[in-house]
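Colleague: First, the structure itself, so that you have it in front of you.
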Amino acid sequence: MAKFYKIWLIFDPRRVFVAQGVFLFLLAAMIHLVVLSSGLNWFEAAAAVGGQ
């Protein structure tokens, strides 16, 4: 673990962080679209449980 810094000699840190940001954004967008396209509705379920 002490020589882990050498990974940045192989990979350019800017490209790694940009790629990580793009990946996380696309993953979040995909998760949101999957949840929105499902029949799951937390508001109606909470109202049914709460009796409102």
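Glycine is no exception: its Cβ is also placed from the backbone N, Cα and C atoms.
Below are the features I grabbed from Swiss-Prot:
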TOPO_DOM  1-15  topological domain 'Cytoplasmic'
TRANSMEM  16-36  transmembrane segment
BINDING   His32  bacteriochlorophyll binding site
TOPO_DOM  37-52  topological domain 'Periplasmic'
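Thinking about packing and proximity, how do these listed features fit into the structure?
Modeller: Computed over the topological domain 'Cytoplasmic' (1-15), the whole-number mean pLDDT of the model equals 93.
Sequence-distant contacts (6 or more apart, same chain, Cβ under 8 Å) of His32 (bacteriochlorophyll binding site) do not exist in this structure.
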Colleague: With DSSP as the reference, give the number of residues of the topological domain 'Cytoplasmic' (1-15) in helix, strand and coil.
Modeller: 10 helix, 0 strand, 5 coil
